[in-house]
Amino acid sequence: MTPPEILTDSPSGHARAAAILRQGGLVALPTETVYGLAADATDDAAVASIYAAKGRPGHNPLIVHVPDLATAERLAAFPDPARALADAFWPGPLTLVLPLKPGHGLSPRVTAGLPTVALRLPAHPAMQAVLRETGRPLAAPSANPSGRITATTPAHVLAGLGPRIAAIVDAGPCRVGVESTILAPAPSGTRLLRDGGLAREMIEEITGPLIADTTPGATLEAPGQMSSHYAPHAPLLLGGTPQPGEITIGFGTTPGDLTLSPSGDLAEAARTLFSCLHTADALATARAAPAIRVALIPETGLGRAINDRLRRAAAPRD
Ligand code: AMP
Ligand code: MG
């Protein structure tokens, strides 16, 4: 099998990525949150190949990325307070689950047959350039095998998906480092489906108190919220006293073999989270370590998204 083309973050790299996407191919693209595994969201076969490459269950719908608000408004309705949220936080790490409009043209696989679609307008210039050049909405879940550690660098993408994809646009590590926050806006109250790169506190300034709906595995509406996810090969433990032989990941004053942020900065911890987990997992395998143990992270701001990922990484496997 052929390894993916490594494309530069340049007009010629973006043009090549767009050409592959328009022919129904899979391209890993940088976003400000994590690397996305992109395909033309209107092409049923291309969308099916995302699920196949990731080994992702077909009932777990994909986020659709758009270049601008006008495209988003052609695809979906914006019940209050969706427009205010889009105005405040797009482009950025926020996904809105919205009712599909008739004639949307998206592959039904993208939404796993739901009457709603998850839309995002990403802030990364490379992703924006490829979206404009392709001229199609792009379905893009994280560019890693389903259930494994999220990819935030081209090396993670290559190690996880390798020859299953046609190309990778290399724009270095992602700035935010955790996936987008997912909201379902409604006049009766906005539900929080997943904590992510946009902190709850900022959203609540616009929406008032959010209705938390993020319990792992609890809802049918967000079937992607499975309990075991982001899993390293070694067992992951949260807090507690390190035992001999474990690989430790520190934070702030809690030391470790690795650290999420020596200064205890949550934005830095979000940015380094998945790279630390990838590195810790490789170390654990090399040293036959019994476990990876991570320091406790405050449950505030981006700490909520970090803790959500860590709890799922630590959850019992199916
Ligand atoms: P991922 O692409 O793995 O970052 O996950 C996308 C997340 O968005 C999953 O948790 C999905 O369940 C959720 N999602 C996507 N589309 C919808 C939708 N129409 N309704 C509710 N949740 C959705
Ligand atoms: Mg993912």
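Even glycines carry a Cβ here, placed using N, Cα and C.
TrEMBL entries are annotated by machine, without manual review.
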According to TrEMBL, Thr33, His65, Ala140, Ser142, Ser180 bind L-threonine; which of Arg83, Arg120, Arg200 is also listed for that site?
Arg120
Around the L-threonine site formed by Thr33, His65, Arg120, Ala140, Ser142, Ser180, list the extra residues of the same chain whose Cβ is within 8 Å of the site's Cβ centroid.
Thr31, Val34, Gly36, Ile63, Thr95, Pro122, Pro141, Glu179
Residues Arg56, Asn60, Thr116, Arg194, Tyr230 binding ATP per the record - widest CA separation, whole Å:
25
Which of the binding-site residues Arg56, Asn60, Thr116, Arg194, Tyr230 has its Cα closest in space to the Cα of Ser180 (L-threonine binding site)?
Arg194
Give, as a single whole number between 0 and 100, the mean pLDDT over the domain 'YrdC-like' (11-198).
98
Cα distance, Ala140 (L-threonine binding site) to Asn60 (ATP binding site), nearest Å?
12
